[in-house]
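Asker: Pasting in a structure now, in structure tokens, and then I'll have a few things to ask.
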Amino acid sequence: MKSLYIKTYGCQMNVYDSILMENIIKPLGFNVVNDVEKADLVILNTCHIREKAAEKLYSELGKIHSSRKNKEITIVAAGCVAQAEGEEIFRRAPFVDIVVGPQSITTLPELIVKASRSKGHVINTDFPKVMKFDRLSDECYGNSQGSSAFLSIQEGCDKFCTFCVVPYTRGAEYSRPVNEIFREALKLVANGAKEINLLGQNVNAYHGEYEGEVWDLGKLISHIAKIEKLERIRYTTSHPRDMHESLYLAHAEAPKLMPFIHLPVQSGSNKILRAMNRKYTTEEYLEIIERFRKLKPKIEFSSDFIVGFPGETEKDFEGTIKLVERVRYAQAYSFKYSTRPGTPGAERKDQVPEKVKTERLLHLQKLINKQQLEFNQSMVGKTIPVLFSNKKGKHQNQIIGKSPYMQSVCIDDPEDKCRDKIVNVRILEAWQNSLLGRELQE
């Protein structure tokens, strides 16, 4: 039997795609290994969001080729960098056999066979009219992912933010039918999932078909919540423009829906938001936050921020700081703006100096870290439900789980009783990125 190794970069959608690729390829006679040195087929499933993504791919490809150049191996470049770079990958890394975009991964079996027969380069970066989900059998979905599972419900993006390549690498927005999603959710729960994370590039833009109707995300969540042994539901990533009434109500009425929303704002300046083509204002964003908090007082938020977008002044940046101070995030992710070839932001002449971007990022991160630590410290002395997987902690007998607010929670579990269970935990200590607790015996 041949062996398959997949390295995944980037977002949860890529993790889900890697799981799909495993399930697609295993019937060809492959077993999955965790060591690239033992693999006959190597797939790098890439992400194009962050700076120098293409260079990181070429560097990794070079390392693999150098270490395996005397052994027969098939190398596949997959994901969003593969979509963006296309044939250029073969020019810069001629030892790569296959290039496949994220919407074409279902064609991998044919591409692998074709590459083995021709001993030449094979590429598929099409956006097929038949979506990738429609090409797959039920056997490719819902296989065991442990106690917490990913389920893709929506792909692509129609927003065209001026800093982002996703519309060009993932294509137009597409929503899977309700029944297809529900079948996969049932199968995931039957295979041990207690929590399902609903995924989409703009997950709250979901508009799936159900018996001649169009359902939004809130209605879908209420439907999935009926699955008896499913205990938790999450969704990511949402866009402020796509918030809708039934999603507000789902947070108020569905106990299984976790009280935590990742809602990227990117900037606290209306001028910069217009330049980014985000199509909402800071005032509208804050109205969304307040509406959720009124309906669900214990709800918490995380967000994404880009500092140093072209044209950002000190006043614009201060707007971001004021917004963070007002919202008080449980978590947040912040990055310096980096140009993406082919996006409108890359063409602008008013780029912010790198030194200024670095200074602003450090200022913002200091505030975000302070808020995150304070939120974590507010948990000390409380008892919270924690979902544990098989993730081990730094110390012997220690296991790590997730709180409803996505905090990492460590406890001692010498008898391995808590794995794949939701356990009530008393929080004893808190740090920047984790909590320490002890299991409360029933």
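Including glycine, each Cβ sits where the backbone N, Cα and C put it.
The feature [4Fe-4S] cluster 1 binding site is assigned by Swiss-Prot to Cys11, Cys47, Cys80, with sequence analysis given as support. Per Swiss-Prot, [4Fe-4S] cluster 2 binding site is recorded for Cys157, Cys161, Cys164, and the stated evidence type is sequence analysis. Per Swiss-Prot, domain 'MTTase N-terminal' is recorded for 2-117. Annotated domain 'Radical SAM core' per Swiss-Prot: 143-374, in sequence order, evidence recorded as sequence analysis. Summarising the annotation, Swiss-Prot assigns domain 'TRAM' to 377-441 and lists sequence analysis as the type of evidence.
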Asker: Spatially, which candidate from the binding-site residues Cys157, Cys161, Cys164 is nearest to Cys47 ([4Fe-4S] cluster 1 binding site), comparing Cα atoms?
Answerer: Cys164
Asker: Provide the three-state secondary structure of Cys80 ([4Fe-4S] cluster 1 binding site) computed with DSSP.
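Answerer: Going by the DSSP assignment, Cys80 ([4Fe-4S] cluster 1 binding site) falls within a helical segment, counted as helix.
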Asker: Cα distance, Cys164 ([4Fe-4S] cluster 2 binding site) to Cys80 ([4Fe-4S] cluster 1 binding site), nearest Å?
Answerer: 12
Asker: Give me the sequence-ordered set of same-chain residues, not including Cys11, Cys47, Cys80, with a C-beta within 8 angstroms of the centroid of the [4Fe-4S] cluster 1 site's C-beta atoms.
Answerer: Tyr9, Gly10, Met13, Asn14, Thr46, His48, Ile49, Gly79, Thr169
Asker: Who sits close to Cys157 ([4Fe-4S] cluster 2 binding site): which same-chain residues at least 6 apart have their Cβ under 8 Å from its Cβ?
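Answerer: For Cys157 ([4Fe-4S] cluster 2 binding site), the qualifying residues are Cys164, Val166, Pro167, Arg170, Ala172, Glu173, Gln201, Asn202.
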Asker: Whole-number Å only: compute the distance from the Cα of Cys11 ([4Fe-4S] cluster 1 binding site) to the Cα of Cys161 ([4Fe-4S] cluster 2 binding site).
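Answerer: Computed Cα spacing between Cys11 ([4Fe-4S] cluster 1 binding site) and Cys161 ([4Fe-4S] cluster 2 binding site) is 18 Å.
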Asker: Relative to the Cβ of Cys161 ([4Fe-4S] cluster 2 binding site), which residues of the same chain, six or more apart in sequence, are found under 8 Å away?
Answerer: Gln266, Met276, Asn277, Arg278
Asker: Which is it, of Cys11, Cys80: the one of these binding-site residues whose Cβ has the most other Cβ atoms within 10 Å?
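Answerer: That would be Cys80, with the highest Cβ count within 10 Å.
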Asker: I need the most crowded of these binding-site residues: Cys47, Cys164. Count other C-beta atoms within 10 angstroms of each C-beta and give me the top one.
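Answerer: Of Cys47, Cys164, the one with the most crowded Cβ is Cys164.
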Asker: Can you tell me whether DSSP puts Cys157 ([4Fe-4S] cluster 2 binding site) in helix, strand or coil?
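Answerer: DSSP assigns Cys157 ([4Fe-4S] cluster 2 binding site) to coil.
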Asker: Cβ within 8 Å of the [4Fe-4S] cluster 2 site centroid (Cys157, Cys161, Cys164 excluded): which residues?
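Answerer: Everything else in range on the chain: Lys159, Phe160, Phe163, Val165, Val166, Pro167, Gln201.
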